[in-house]
């Protein structure tokens, strides 16, 4: 609600100011608007709460703030409060004519307009901190542009069939492009890769002919060669293409981006015309090297983005890196060049993924032997001229642009996305919002450029910052532009006509508690080298650096200082009978932390609400009394222990006792309790562990033996079922089976008496083992 109200409030000011009705009617209208919107009653009135001591500092707080320059303006009978929103200043008795409130102006000169595609060509904007300005930018595409089309072809061996197709594209393409342009020109250039290892073979037999292994006559590899400047002579173009030979390299990626940058920036060599639509057609079937790839060849010098053609050959190919995508995009946009990637094979998607990073580019897939090349160029051109996008160049520090495109079909899109399907009869509008957040920006440029991508016209936006007041310039006698309650005579200087601050004499560093800390702890403003702290509804902010307050103390159960104390400088000052960092503990609770020696937590902790919290992590116990590894007082003063029994001591030792050990004579006491837990006999512990281990082992052996005996007993019982007994008279007939004898032992084998008559077995029953 507050944001929309403020926007409406500011917009009304701008409109009224542009009507030039004078300051009185303007500020009276501002007062009415602020009363209606209730801004004067808002909880977050940063104007009044800031304690701004000058008009400039007041206006820098936000677009709703005004400054009263009236000399006798007094609020509350104590001191001047000149910074507030307009409605409050008027209600406090400040006359309308005495209120400083610079408005936002957008000035569009109508005379001397030379642009035909982008209007207005120039805009002048006056801004104040926190305010924003709006204007409309119109872009109207022309019907028949002059067109410059430059073919940049990958002439590696795999592109042989596509290069042959170029011999016949000239006339056919000229006829098709005549529908879109009355003035069409063609140019040609070739590229391969950097002529160093590992990109090409440097073998003596292959250095000049990379195709020698295939019995082909190839031209030497090269980074980029400009073959033919842009010309209307189609026959000359076809002859240049016909003379072109293929070349070769080793690795798969090519040096396309290197060649593209040179073709873009070498304007005079290529013959780019300022008034023409510039198209760069890149034909390839492989990816391109990116920045840093050339480090593999020991090339570490970054690409400088300049033209380096000598005799139409790129001479820095082996000494400078490939350009980055960002650098390439910048050079293409700066030179108004649209790129068409004509890619054959599976690498088409690689280039398609790059389109969002290269504004004004299109990718198309060419068929075998480039049969669809002309149609691809025509379709790409139609798409390019039907898209209208803008971007901001030459950004001004501290100034922010928000651009929305209003397309012919009524849809709204972000400026970088732009509009599509725009015809030569359409007009695209761009709603431009310019915002300045603060005034503490010095130096730099004071204008920005809004550039439609691919167009040769731009809009220049001049920015003027309203960061000072008229009273500080020439109107104000003493007291109008400043609040003297914050200042001293060394900083605040006035003459008969005006007052000003000698801010160079007082550095803001004096308002910092430390060089890494914000000015006035971020809770005040630095005026004449002193902090003026903000007024906050939560409480009082004070201190030399506004570092103290009476509201940021810790809470306990929802109450500041548990309700048992007051907050001073961020620390709780407890009432009588209470203690603790939050005043949450009764003072009597401290008695529960005193040990038998009268020490609080044995000197190794702090008492928190009747319980010891050991500060030494080695201490344990209710009173932190146990600390096996602590360095005890006896150890620290062991050399002085003999002073407690001075008999038979030498004079030197007695002198030492009187000096370094004198304090101990007054404070010593005998501690009869052990610092450590009582330690049992190690030998006894050893024998106990040994006996227990032995008994456990013996028990395991007995259990295992019993299990084995039980298992054997069960097996003997089961074998008794197979006893065989026979009388001497009986005859046992053996079956024709083969058996093996198995011998095993047991503790008490049971005898088995068997009487088996012998039989003569037939040979067929004999067993062979």
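Note that Cβ sites are derived from N, Cα and C of the backbone, with glycine treated the same way.
Copied over from Swiss-Prot:
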DISULFID  47-65  disulfide bond
DISULFID  55-469  disulfide bond
DISULFID  58-83  disulfide bond
DISULFID  211-218  disulfide bond
DISULFID  407-419  disulfide bond
DISULFID  439-467  disulfide bond
DISULFID  481-494  disulfide bond
DISULFID  533-546  disulfide bond
DISULFID  553-567  disulfide bond
DISULFID  574-583  disulfide bond
DISULFID  585-609  disulfide bond
DISULFID  627-630  disulfide bond
DOMAIN    46-95  domain 'PSI'
DOMAIN    548-584  domain 'I-EGF 3'
DOMAIN    585-625  domain 'I-EGF 4'
SIGNAL    1-42  signal peptide
TRANSMEM  685-704  transmembrane segment
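What Swiss-Prot annotates, mapped onto the structure for a quick look.
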| residue | record | Cβ contacts under 8 Å, 6 or more apart |
| --- | --- | --- |
| 65 | disulfide bond | 46, 47, 52, 58, 59, 83, 84, 85 |
| 218 | disulfide bond | 157, 209, 210, 211, 245, 246, 247, 248 |
| 533 | disulfide bond | 51, 520, 523, 524, 541, 542, 543, 546 |
| 553 | disulfide bond | 560, 561, 567, 570, 571, 572, 582 |
| 574 | disulfide bond | 561, 564, 565, 580, 583 |
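Under the three-state DSSP scheme, residue 47 (disulfide bond) falls in the helix class.
For residue 609 (disulfide bond), the spatially nearest entry among the disulfide-bonded residues 419, 439, 467 is 439, judged by CA separation. Take the disulfide-bonded residues 58, 83, 469, 583, 630: by the count of other Cβ atoms within 10 Å of each Cβ, the lowest one is 630.
Take the CB of residue 47 (disulfide bond) and look out to 10 A: across all protein chains shown you find 25 other CB atoms. Annotation note: residue 533 (disulfide bond) sits in a strand segment as assigned by DSSP. A Cα-Cα distance of 9 Å separates residue 55 (disulfide bond) from residue 467 (disulfide bond).
Using Cα positions, the member of the disulfide-bonded residues 419, 439, 585, 627, 630 nearest to residue 469 (disulfide bond) is identified as 439. Other Cβ atoms within 10 Å of the Cβ of residue 55 (disulfide bond), summed over all protein chains shown, number 28.
Long-range Cβ contacts of residue 467 (disulfide bond) within its own chain (separation 6+, distance under 8 Å): 56, 59, 60, 128, 129, 439.
Residues belonging to the domain 'I-EGF 4' (585-625) score a mean pLDDT of 83 in the model.
Its own atom aside, the Cβ of residue 407 (disulfide bond) has 18 Cβ atoms within 10 angstroms in the protein chains shown.
All protein chains shown were included, and the count of other CB atoms within 10 Å of the CB of residue 627 (disulfide bond) stands at 19.
Taking the Cβ of residue 585 (disulfide bond) as centre and 10 Å as the limit, one finds 21 other Cβ atoms among all the protein chains shown. For residue 627 (disulfide bond), the nearest neighbour among the disulfide-bonded residues 407, 419, 585, judged by Cα separation, is 585. Under a cutoff of 8 A between CB atoms, and with a sequence separation of 6+ in the same chain, the neighbours of residue 419 (disulfide bond) are 387, 388, 389, 405, 407, 408, 411, 413, 428. The most crowded of the disulfide-bonded residues listed here (211, 439, 546, 567, 609) is 546, judged by how many other CB atoms sit within 10 Å of its own CB. In the three-state DSSP scheme, residue 211 (disulfide bond) falls into the coil class. When secondary structure is read from DSSP and collapsed to three states, residue 574 (disulfide bond) falls in the strand class.
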